[in-house]
């Protein structure tokens, strides 16, 4: 979806939209840390995020890779910067074709900074001289496919600013006229350079309107995180610093936390003044840090740390090819990125009903399913790489996770238990202590309001429902006892399978069972998660593989702990259990063995 469409949609709904900007880190570890931070920030619902191109085109390949992951794994509408620096037309087209094939529809077209070691921009042979050329090229070659954003400079482009007096009136007017040419050439959105004098920005908006620029103009807000960085950035961009800001910073410039808190306060006040004029979108330059940007949005009441809205129980895809997808199997609830990778490239994605458009061709398991960000891998190593002498020791790990003593699990890409799981955490602890090792669960829900902070999704005004669900590993003797007990509970349905594919079940192999649904005004019933026998058979391979490639690999070859995990992998069963009575059912009654 185009960013301009999301901004106009938010304005039509009376909502204030916000967005975050990131830059490509220099190290692999930095990239993984950025994605962990980005995941947390995107949970707050930005309309889009953008990723910069890098000075002189120095990060072109990394920018393309990060943009792809943002759009298709983080599932946030992504806008990629594209510059003319060191970019002949064929490289520009390669970048555009790449993001188009990855389902990205948004570009921020820039001239770009001079290459490293140079003071002035020089047009590369076979390339473009300015952002206007780039906008014209994109529109001429790709028509209306891309949403094109361009930069606006409230104090004029830095090249037009001479000394501390700022740009001359003539230079400022020429810069405005050039901005209008970019919009007339096909740009549909303007995001501004950073500024700290709000009156200058508001005058800039008015001046744009006076010369016929009608598209939305989004203020670029850069929170002050530290004093030296603030001076470096404002010096590079030739940004005016109001005297009151200098006076406020001078006494605290050596106190980094005090500077950050002042930056949050200043950013909040700037945004309040801007929003009061009727502007309904804010763009936050994060510098790859989260605290200041999140602090400003919280102060403005645009987000709540304890109440993150969810359009669906899982984060919807933003890729243009799967944007209508609204049904998924529940099995990957704690491993959403693995699901995205294994379903990448489907011709169709389920919309409305799983059975109508499902594609059974899941991607094969690869190392990607079992690689983790370095920080998460370290946490797993600390919490799960402990000596294991018996299955009771294994059970203790699962129990500790359900009790919140551990914050990671080899079977989850998420941090700790999800809020809704805490409704049943006592029961989960009980059955894990009995040797039923849970990896996925949800409580029964009967008509909770859709804005409930624990189980809500889909926005206000609706009601949500859930069937109680459990997924766990257990030994064969425990499975036999459980199956016998289930016979007394007609509302319970199950599928049990071991690593080799030996299956026990009381449902048809063709059955598809909706386990989550929502009722909203003026809409058909939405059924976003299902239990599907065929998909469970695909998921079981991944789930069993985690015993060795996700946990056992933490121990050396021949280690007794590793051998114990391998034995469990070969002998245990993976069980999917649903209580179809979401009103009076008791899923855990069957475990009173």
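Placed from the backbone N, Cα and C atoms, the Cβ positions cover glycine too.
Cross-referencing 193, 210, 381, 403 against the substrate binding annotation in Swiss-Prot, which names 113, 285, picks out 193.
According to DSSP, residue 81 (FAD binding site) sits within a strand segment. The maximum pairwise C-alpha distance among 113, 193, 285, the residues recorded as binding substrate, is 17 Å. Counting other C-beta atoms within 10 Å of each candidate's C-beta, the binding-site residues 52, 193 are led by 193. Straight-line distance linking the Cα atoms of residue 25 (NAD(+) binding site) and residue 285 (substrate binding site), rounded to a whole number, equals 15 Å. Candidate binding-site residues: 26, 81, 182. Fewest other C-beta atoms within 10 angstroms, 26. Cα separation, residue 22 (NAD(+) binding site) to residue 285 (substrate binding site), rounded: 7 Å. Candidates 21, 23, 24, 53, 193, 285 (binding-site residues) were compared with residue 112 (FAD binding site); those inside 10 Å Cα-Cα are 53.
Each residue contributes its Cα atom, and for residue 153 (FAD binding site) and residue 193 (substrate binding site) those atoms are 5 Å apart.
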